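Trainee: Below: one structure in structure tokens.
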Amino acid sequence: MSKKIECSDTSTKPAFELKAVLDPQTELAEKNTLVSENQSETSSPPFTIFYQWERYFLVSFASYLALFSSISIPIYLPALPDIETEFNVTTEKINLTVVTYTIFQGLGPAFWCPISDRFGRRIVYICCIIVYIGACVGLALAPSYGVLLGLRALQAAGMAATVAIGSGVVGDITTRQERGGFVGIFSGFNLVGSAVGPIIGGALTSSFGTWRSIFWFLVIACGVSLVLLIVAYPETARFIVGNGSIKPRWFFAQSPIMIFRGMFDSTMKQKTYSTREEAKEKGLLADTVKVSVFSTFRIVCYKDVAMVLIPIGQHYTAWFMVITAQSTLLKEEYNFSVMNVGVSYLANGAGSFIGSMVSGRILNIIYKIHADRYKAKWEENYPGTPVNMEEFDIQQARLSPAKYISILVIATTIIFGWTIQYHVHYMVPIIMTGLISFGCVFFISIGQCLLIDLFPGEGSTASAGLNVVRCLLCAIGLAVVDRMIKSLGCGGTFTLMAGILLLSWSCIFIEQKKGQKWDKERRDKKKASKQV
């Protein structure tokens, strides 16, 4: 087989038939990356048997499930005054329910995602949704503030893992050169909840006259999702199904739709392996990983990972401080009604959606540029030898656009704060929220792509680490944003946050300079431990 670096349209043959920095089974599979439509072009097994439209469905549905995690904060915000009145508690106590949700949104995946990387995606998805539905039923019937606070924690812990597990799904069915586009789709759709949530929450509360209707709505919507998941969503974990051609041993990992697909799809029958040993020899079956709740925190503590997570967490915090303060600021400074406040979040949603679409395409293009340069340099220095991706600087390829996106976020965050403080026309700060959302979704997509690249087979656990850092930092930001605005003013508060974002560049520069070295040291240590 010829060894070449060649990026093409992901609807045909994915590129990079060369040695990647991956676990052995995943490495061999990515050498032979062909989507199922083009299997006839090679005798090697494809990286995934799923057709292109099926992969878009899998990623889109995973993003839809993650939407419930992101929407559960903003959909609740318009009802806070009503809840405060009904339970006769202070605004500070009601805000504590939001902070509590954010904290457990970060901690929940640390429990669920290592299980996902050991027992598969389907079973954890099902368990998460059942816990979430149960918590929503309890919230709809909550008789007291204490019950409300406790169930908000359970609701967050149940559903937050869907974001990280979805990243694992993306890693299961995509190769590096096409991953950016799929990560963009996944990130954008699940973050749209922050835009449409306030509108839905306000409409439900106004229409039914009670905040409890919000949680009944979530019960119904998530219940339908559970049925679709059980019937139509296949297992994707590569240590269970390989490229999708291996029948899962466990009943709960088997999807009815895959059983019928195997009956009627003749090409799938040709790709099915009779034994797991045969599939492993073909490089399709990845090694299982050890289950540990501490796996997420282990990944977070790696030096190169920390240098990625810190700036992402800070940008995410600044973003949510902006959109959380947005409702109060527009109401106080511009006399917005509840409905107008909800509509103002459409800019945030539009920015998130556009950011997800644009970031994916740009990340793929940048990857191709860096890979082509690497190939040319390799062929110049080692003519006639196969291209070895062991030395390819994936950190530089992924992080190269980060500082430019950060400049956009920094500038628009400052403008948002000062235009509100000086009562500039309300359209200016609203437009700024859209640009901030665009930049932050792009920035987060960069980090998610890099983490999946660095930890093949542990995509869910790695993304859980990202979730822990960004949600805990966000919880701190949300807890202090009101006090900061009262002390520093709106302009001063968001100028300070912009300065913190600028300081986070130091982590990006360190990662670009030393990240590849640290990653190689970690992989060498892992290989040595396996040989012992």
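Note that Cβ sites are derived from N, Cα and C of the backbone, with glycine treated the same way.
Pulled the feature table from TrEMBL, pasting it below:
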DOMAIN    55-516  domain 'Major facilitator superfamily (MFS) profile'
TRANSMEM  56-76  transmembrane segment
TRANSMEM  96-116  transmembrane segment
TRANSMEM  123-143  transmembrane segment
TRANSMEM  149-170  transmembrane segment
TRANSMEM  182-201  transmembrane segment
TRANSMEM  213-233  transmembrane segment
TRANSMEM  305-325  transmembrane segment
TRANSMEM  345-367  transmembrane segment
TRANSMEM  404-424  transmembrane segment
TRANSMEM  430-452  transmembrane segment
TRANSMEM  464-485  transmembrane segment
TRANSMEM  491-510  transmembrane segment
Trainee: Run the contact check on the transmembrane segment (123-143) against the transmembrane segment (213-233): 3 or more C-beta pairs under 8 Å, excluding pairs closer than 6 in sequence.
Mentor: yes
Trainee: Using Cβ atoms and a strict cutoff of less than 8 Å, what residues sit near the transmembrane segment (345-367) while being 6 or more residues removed from its termini?
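Mentor: Non-local partners: 7, 10, 74, 176-189, 191-192, 194-199, 323, 326, 397-398, 400-401, 430-431, 433-442, 445-446, 449.
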Trainee: Which whole number is the mean pLDDT over the domain 'Major facilitator superfamily (MFS) profile' (55-516)?
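Mentor: Taking every residue in the domain 'Major facilitator superfamily (MFS) profile' (55-516) and averaging pLDDT yields 84.
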Trainee: Tell me whether the transmembrane segment (430-452) sits in contact with the transmembrane segment (213-233), defined here as at least 3 Cβ pairs under 8 Å among residues 6 or more apart in sequence.
Mentor: no
Trainee: Can you tell me which parts of the same chain pack against the transmembrane segment (213-233), counting only residues 6+ beyond its ends and a CB-CB cutoff under 8 A?
Mentor: 58, 61, 64-65, 68, 72, 75-76, 79, 122, 125-126, 129-130, 132-133, 136-137, 139-140, 200-201, 204-205, 207, 255-257
